[in-house]
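Chemist: Below is a structure I'd like to ask you about.
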Amino acid sequence: MSDGLCDTHTVIQVALGSLTSVLEMAAFLTNIFFFFYILSVYKVLTMDTYIAAVYEHAVVLPDATETPVTPAEALKMMNRNIDILEKAIKTAAEQNASIIVTPEDGIYGWRFTRAALFPYLEDIPDPAVEWNPCTDPQRFGPAPVQERLSCLARINSIYVAANIGDKKPCKPGDTMCPADGHYQYNTNVVFDDEGKLVARYHKYSLFQGEVQFDTPKEPELMTFNTPFGKFGTFTCFDILFHDPAVALVVDLSVDTVLFPTAWMNVLPHLTAIEFHSAWAMGMGVNVLSANTHNTTNRMTGSGIYAPDYPRAYYYNADMEDGHLVLAEVLSHPRHSPSYSVVQWSEYATSISGYSTNSSEFVRPIFFDNFTLKALEKPEGNQTTCQKNLCCHLSYSMVEKREDEVYALGAFDGMHEVEGEYYLQICTLLKCKSTHLDTCGEPVETSSTLFQSFSLSGTFGTSFVFPEVLLTGIKLAPGDFEISPDGRLVSRSSISSTPLLSATLFGRWYDKDPPAKNNASTNNYSNDMLILTIYAAIQSLIFYVANL
């Protein structure tokens, strides 16, 4: 009997041991399943690439007036523009875009005094309040524009970035309060694919005092996270300064910048597609740039720019219609094997410079006096210096034409026209005519083909933006590369299309003057006048040259 009990006990122990093993195995398999489930969910929620969209919008402008309209009239005008943006948003969503950016001033335009703008403004809360205007529109008072944008994002399951106006009453004791008792801000907003407000950014670098807006007391570093990377946003003129633009990349490591703009093109170095794509390459991030379309003010040029090359862009100074641009980009471009940090002065400082018989001459380019040398031979080496910057060029033309002249230029100094900022620029450019005194004047077409070129400079800054512009104001994706030692080097495909310019555009932020608060300045009309006159001179020169 006792032996039987012992046998039974042993069987029970074995059975329990087996059950324990089975349970342990089940737990192990459950953990494995859970791990792969979480991994699969993570992969769904984190995307290696995404489709981006930008819309270049021909804004429906209100009549210019100094007398404020009623809020109802202002909303009616804004809805005319949002009706157009709605079609672009729906089309982008239908093509699987995850995010769309619309332009600065894209909902009401720019023809305003401070008082006349007020009916167009809404109170935009801090995104930290966790607000969805589509589902809770009255939480912060009337906000019909935010409600509609939020619902467009929610209905179409797409992130929507737009530029509108924010109003904020002054706090008691605010000694900087404007005379009308409130602040008005040029503001970017972003709504996620459920309609939630995830970003609000007040433009810091106003165009030297856009009179209808106030400057925030400090630059705002606004970021938000998505399943397809970390995003930041700033507006138009901000891109030329360190804060917030550079700080978002260097300090906060954003992957993509959302960039609403109303950019007036200035040749040869500051057309929208040229500079914005160069900034993306120089900073190693995606830039989703949506420009206002207004040919009278030379506003055109939108694109989806990646660090290696522009994915898609649009530039059209002949038509008045808007245009939607879509392209696929990497969610984390700095993680790409093709991305590398560039030592911009390494090559240029390693050589002694090229000695030539060409004489130097000085010509203004967008009001900055460049030191230039003409390229007198079909191939060769050239060095041009100004102050501490020496620019080195090695080049070979397919054919040296008698009707076109190119020059190598250098500028090392403070730009002081529509703003104050320190530049170091090396540029190879086509002159307007065969007369050297036209070098630096805007030119849109060329016929000279280059077999190859290599441009470098002894830059004192690590912030350099490489530009290559082809005839007809076209970019050159795939036609050049940046070497780790700081050379802008053409590829063999460059010989298929005539060159307008190749430029290394350096910004030395440490040499900029102290930032000024522009809230009380009134220079916007003066700056617009300067650029309008400059644009008129460009047009006159182009007209006379083609008589």
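Using the three backbone atoms N, Cα and C, a Cβ is placed for every residue, glycine included.
Feature table excerpt (TrEMBL):
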ACT_SITE  Glu104  active site, proton acceptor
ACT_SITE  Lys203  active site, proton donor
ACT_SITE  Cys236  active site, nucleophile
DOMAIN    55-331  domain 'CN hydrolase'
TRANSMEM  12-39  transmembrane segment
TRANSMEM  528-545  transmembrane segment
Chemist: What Cα-Cα separation, expressed in whole Å, is found between Cys236 (active site, nucleophile) and the residue listed as 'active site, proton acceptor'?
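Modeler: Taking the Cα atoms only, Cys236 (active site, nucleophile) lies 8 Å from the residue listed as 'active site, proton acceptor'.
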Chemist: Using DSSP and three states only, what is Cys236 (active site, nucleophile)?
Modeler: helix
Chemist: What's the CA to CA span in angstrom from Glu104 (active site, proton acceptor) over to Lys203 (active site, proton donor)?
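Modeler: On Cα coordinates alone, these residues lie 10 Å apart.
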Chemist: Within 10 Å of the Cβ of Glu104 (active site, proton acceptor), how many other Cβ atoms can be counted across all chains shown?
Modeler: 25
Chemist: List the same-chain residues at least 6 positions away in sequence whose Cβ sits under 8 Å from the Cβ of the residue listed as 'active site, proton donor', in sequence order, or say none.
Modeler: Tyr185, Asn186, Thr187, Asn188, Phe213, Pro216, Phe234, Thr235, Cys236, Phe237, Asp238
Chemist: Which secondary structure state does DSSP assign to Glu104 (active site, proton acceptor), in the simple three-class scheme?
Modeler: coil
